[in-house]
Each structure stands twice: as C-alpha cells, then as structure tokens.
Amino acid sequence: MMESGDRQNNKIGIIGGSGLESIELFTVKDKVNCNTPYGKPSSSLINGTLNGIECVLLSRHGDSHDIMPTDVNYRANLYALKEAGCSIILATTACGSLQEELKPTDFVVIDQFIDRTTKRHSTFYDGQNVQMKGVCHIPMRNPFCEKLQNVLLSACNVNNVSCHSKGTMVTIEGPRFSTYAESNLFRKWGGSLINMTTVPEVVLANELGMLYAALAMVTDYDCWKEDHASVNVENVMKTMKVNRGNALKVLVSAVEIISKQNLQPDIQLAEKNAKNSVML
C-alpha cells in the first residue's frame, strides 16, 4: 500500500464535481500533467495555496466536463492525488434528492452509500500493479471520515448555508437518469440522495488510507416527486449556478478549519486499516 510517510504531506486534495471545475479558488503554483499505473487522471493537478494552505485541485469530469461518470478514471485520480502528497480529500458532487426535506440548493454531508454501479474498477488490487499485491477487503461500515464530515458541516454553518448532517447516497451507473420506478425503489431502500460518482471514489480513497468526505449539492428531486419537474440537464445546470457560489465559500472555510486541526493520528489509523485489509 502507498503510505503518506513516503512523501511530503498532508496536503488537502479537492475533487471538483459538476460546476466546480474552475481554479479560481487558488493562488496557483503550477499545473502538472501526470500519469499513474492506472492511466491518466481526469485532469491536470492544480497545485496551489488557499490562504497559504497547500491544496491540490482535480476536476473529476475533466477541464471541459467531457468525461461521463462511467469513464472517469477514479483509480488514477486518487492515486495521483496520493502521489502529490494528499492524505485528505474533500469532494463535491451534484445530486438529486430522494426525500422531501432535502430541497434543491440544500447541501448534505454524506455518511453512507448504496452502490448501484456496474462497469467501474472499484479496487486498486487487481493484480496489475506490483505495488498493490494481494486482495483488499476494505471495511465500509463508515466509508466517510467523521472528522471531515464535521468540518464540512461547520463550514456550512459559518457561511449560513443550509446543510443536512447526514444522508445515504445512491450511486447509479448513468449517464441516464433514473426511471420513476427506480427512483421510488431507492426511496424505499432508505436512499436520501442520488448521483453517479461517489462510488467507487470513496472506496478507492479508503484503500489508499486517505481521509475522505463529500459535500453533496442538491439540484433536483430526481423523478419521484409528482408535483415537481423531473430531473433534466437544463434545470440541473440552473441550480448548479446557485450552488456553486456557496460551495466555494464552504470549501474555503473547510480548508481553514482543517489547517487548525491535527489529523495526523487519523491519517495513520486510516493507513493502518487499509494495510491490514490486504490479504497476501
């Protein structure tokens, strides 16, 4: 397993989702095009500082948002961020709501997921990389870092952004949206939100011993709500314009909060758990 002690750390990696591909957050130091044993990441890595705090930005869907969810190279993205010295990951993701109380423009700090993907590489331990030998059975009872979840919640509160402290994300394969039957099924399963990117991203972060938390930005009610328009690209993009400004403010505050905390023991524990999950 890759260990953070082998490189300068612990930088904060920010994975931007739909509507957050801009680098205006940063004082940019450089832009690095890199390769990994799993191929090229979705975008260049943007190294820079946010109020003097070292961060690395990666655009999940590419600089021009031209990579569909199935084709995102999640393994390369996480591997590249780890190699760049990131042990802490803050991710943003646009999503639909499966529950009445989670309204468009609300934010949600995800704490669980339901995996409905079918076509993605979900582990680094596929026998192809000599650095990743064996089979990894990573525990997923609590996939997201609780301390980072609290950071995101605090950052939302500081900025007076409506945010819910927990939610179960249903990640579908996409790129199509759900049917009415699927949307209602996911609601019955206990799903709170629906998107196309949380899995396998959070799983892979755990395999690398990274602390990971995701800020979900609600854009719509999917297609289950009878008195609300069904999800479509036009309406999603309109809501994302509203969400984007709030998301940037929250990320700035979150980075500042993290910089004042000592997360090294948590990182070491995450790396130990990842290492102990590998059967050789």
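Cβ coordinates come from backbone N, Cα and C, glycine included.
Residues annotated as phosphate binding site in Swiss-Prot: Ser18, Arg60, His61, Thr93, Ala94, Thr197. Annotation source Swiss-Prot lists site 'Important for substrate specificity' at Ser178, Val233. Summarising the annotation, Swiss-Prot assigns substrate binding site to Met196, Asp220, Tyr221, Asp222 and lists sequence analysis as the type of evidence.
When Cβ atoms from all protein chains are considered, those within 10 Å of Val233 (site 'Important for substrate specificity') total 8, not counting its own.
Ala94 (phosphate binding site) has Met196 as its nearest neighbour among the recorded positions Ser178, Met196, Tyr221, Asp222, Val233, going by CA to CA distance. Among the recorded positions listed here, namely Arg60, Thr93, Ser178, Ser178 has its C-alpha nearest to that of Tyr221 (substrate binding site). Of the binding-site residues Asp220, Asp222, Asp222 has the largest number of other Cβ atoms within 10 Å of its own Cβ. Taking CA atoms as the reference points, Asp222 (substrate binding site) and Ser178 (site 'Important for substrate specificity') are 7 Å apart.
For the binding site of substrate, formed by Met196, Asp220, Tyr221, Asp222 according to the record, the largest Cα to Cα distance is 15 Å, rounded to a whole number.
Put simply, of the recorded positions Ser178, Met196, Asp220, Val233, the one whose Cα is nearest the Cα of Arg60 (phosphate binding site) is Met196. Within 10 Å of Met196 (substrate binding site), counting CA to CA, the recorded positions His61, Thr93, Ser178, Val233 contribute Thr93. The closest partner of His61 (phosphate binding site) among the recorded positions, by CA position, is Val233; the full candidate set was Ser178, Asp220, Val233. A gap of 14 Å separates the Cα atoms of Thr197 (phosphate binding site) and Ser178 (site 'Important for substrate specificity').
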